[in-house]
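Engineer: Attaching a single structure in C-alpha cells format; questions to follow.
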Amino acid sequence: MEEKKSNNNVEKQKGGLITMPFIFANEVCEKLAVVGFNANMISYLTTQLHMPLTKAANTLTNFGGTSGMTPLLGAFLADAYAGKFWTITAGSLIYLIGMTILTLSAILPQLRPPPCKGDEVCQEAGTGQLAILYISLILGALGSGGIRPCVAAFGAEQFDEKDPNQTTKTWKYFNWYYFVMGVAILLAVTVLVYIQDNIGWGWGLGIPTVAMFISVVPFILGYRLYRNLDPAGSPFTRLVQVSVSAFKKRNLSISDPKVLYQNDELDASICIDGKLIHSEEMTFLDKAAIVTEEDNVKSPNLWRLNTIHRVEELKCIIRMGPIWAAGILLITAYAQQSTFSLQQAKSMDRHLTKSFAIPAGSMSVFTMCSMLGTIVFYDRVFVPMARKFTGLDRGITFLHRMGIGFVISILATLVAGFVEVKRKHAALDHGLMNSHQTIPISALWLVPQYSLHGMAEAFMSIGHLEFFYDQAPESMRSTATAVFWTAISVGNYVSTFLVTMVHKYTAGPNGSNWLPDDNLNKGKLEYFYWLLTLLQAVNLIYYLWCVKIYTFKPIQIHSREAEESKDSVVELANKV
C-alpha cells in the first residue's frame, strides 16, 4: 500500500513547465508539416494536377472535414487503450507516410499530368494520379486523427491545478499552445509557401515532410518527464451503458435523488480530479442509477446499473452539444481563406516592391500575425483588466470569449464582400473582366478580412478548446478535444455543401454563376460572403440562447489539504 502511494507521489511530481519544450517542439514541427502541406494545396491541385477550381476547393474542404472526424477514432484509442503519448507518436508516423507519398508525386513527373502548353486545354490528372493524391490525403487524415485530439489535452495534463506548487493554469497553457502553433503556421505560410511557388513543389513538400520526421524525436525524448495518465477504459462504452441502463429502467420512478447509486471504488480511475455530483437536468438518465433488487451493488452489471458519476458524464457531453454546433459556421467562414480568398489574392497585385511579390498562399500571414497579436493582447492586457471587474482568474469566461469571436467573424465576412466589390470594380475599370491578367489593385485590400479572421480565431477557437477541455469529464478529455476538431470537420463539410449548392442554384442560362470555375471576375463572390454573414448573424443569436440555458458541470473537488489530513471536507465548484 505504501509502495503504491509512493509511486503516485512520483507520478505527481512529473509534468509541469519542464515538459513544454518537448511538447511544443513536436507541435512546431508538426504544424510546419501540416500547414505547409495544406496552405498552398489549392494552387498545387489547380496548377499541377489541373483540377477545376470548384472541384479543387471541395477536395480540400472534404479532406479538412475528414481530418476533423478521424480525431474521434484517435481519442477513443487514447482514452480507452493506448494513452495520449503513444497515440500521438503513432499518428505522427502515419502522417509522415502520407506526406512522403505526396512529396514523391511532386518530384516524379509520371505521377502528375504534363504541364500546360500555350492556349491548349490542360490535361487533368488521371485516375492513377488522383489515386495517389487521395491515398496521401487519407493517410494524412488518419495521422492527424491521432495527433489533434491528444496534443492539446496531453499538454494541459502536465499541469496539476490542485498542486499549490504549480502556479500555471490550464487557461494560460491554451493561450501558449495556440501562440506556439500560430508561430509555426506563420513560418509555413511565408517560408514554405514561397518555396513552393518560386523554387518548386518537390522542395516545398519535402521540407515539411522532413519537419514531420523531426517532430517525433524531441517528443519521444521527453517521455520520462511526462505526467502520463493511464487510459480509463472506453468512454464511449460508458456512455452507451448509461443509455441502455436508463432505457431498461425507464418505467421506474425516483423517490429521492440522494439514494441514487454511488461507488467511489468503481469510479476511482475516472474521477481523479473530482467526482461529478447529481444535477437536476435530464432526470430521465438518472434512472440508470436506480438500485433494484436484481442489482448487485458490490459488483454491478454496468448494462443495468451505473453510478451517478457516470450518468453525469453523459449529461456533460449532451450539454456541450449545442455549444459545439454553434462553432461550425465560424469554421465554414474561415475555410474560405484557403479557397476563394486565395483566388482573390492571385488575381490582384501582390508586389510589395518591384522585385518582390507576396505568394497568394502567404496572404494568411496576416491572419496569423493578427491571431498572435490578439493572443498576446488578450493574455497580457485584456485579462488583467477584465479580472479587476469580474474577479475571475481568467478575466472572462470561455463562453464570453467565444461570443466575442463570433461577432468579429461576422465583421470579417461582411468586410470581405465589400472588398470583392472593389476588386471587381477595378477589373471593370481596366477592361479585365474577361481576362485572367493581374488586376492593378493591391492585394493588401484583403488584409482587413484576413486580420479579422485571425482575431476571431484567437477569441473563439481558443475559447472553444478551453470549453471542451474544462467542461468534459476528466476521463474524456481526448474525446472532448476530438469533439472540438469535429466542429472544424463539420464546418469544412458545410463549406463544401454551401459552395456546391450556391454553384448549382445560381447558375444562369448564359453561363453566369456566383462562383464560376474559370474566372472570379464574372461571378458574384460578394453575395456568397454576405450569405455567410447572414448565416453567422443567425448563428450568433442561436449561440446566445445556448449560453443562457447552459449549466456548468457540477463537480465535487477534494482539496489537497483535505486529502493529506484525511478530512472529508469537499469543495463544490462550477468551473468557468
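Note that Cβ sites are derived from N, Cα and C of the backbone, with glycine treated the same way.
Per TrEMBL, the features are:
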- 93-111: transmembrane segment (TRANSMEM)
- 131-155: transmembrane segment (TRANSMEM)
- 176-195: transmembrane segment (TRANSMEM)
- 201-221: transmembrane segment (TRANSMEM)
- 356-378: transmembrane segment (TRANSMEM)
- 398-419: transmembrane segment (TRANSMEM)
- 483-507: transmembrane segment (TRANSMEM)
- 527-545: transmembrane segment (TRANSMEM)
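Set these features in their place in the structure for me.
Structural biologist: Non-local neighbours of the transmembrane segment (201-221) in the same chain are 21-23, 25-30, 32-37, 40, 44, 48, 88-89, 92-93, 95-96, 99-100, 102-103, 106-107, 188, 192-193, 195; each lies 6+ residues outside the stretch with a CB under 8 Å from one of its CB atoms.
Within the same chain, residues 54, 57-58, 61-62, 64-69, 71-72, 148-149, 320, 324-325, 327-332, 334-336, 339, 464-465, 468, 472, 513-515, 524, 527-528, 531-532 sit at least 6 positions outside the transmembrane segment (483-507) and bring their C-beta atoms closer than 8 Å to a C-beta of that stretch.
Long-range Cβ contacts of the transmembrane segment (527-545) within its own chain (Cβ-Cβ under 8 Å, at least 6 residues beyond either end) map to 323, 326, 329-330, 332-333, 336, 340, 402-403, 406-407, 409-410, 413-414, 416-417, 420, 498, 502, 506, 514-515.
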Engineer: If we skip the immediate neighbours and take only residues 6+ beyond the ends of the transmembrane segment (93-111), which ones have a Cβ under 8 Å from one of its Cβ atoms?
Structural biologist: 30, 33-34, 37, 44, 48, 129, 132-133, 135-140, 142-144, 146-147, 200-202, 204-206, 208-209, 212-213, 216
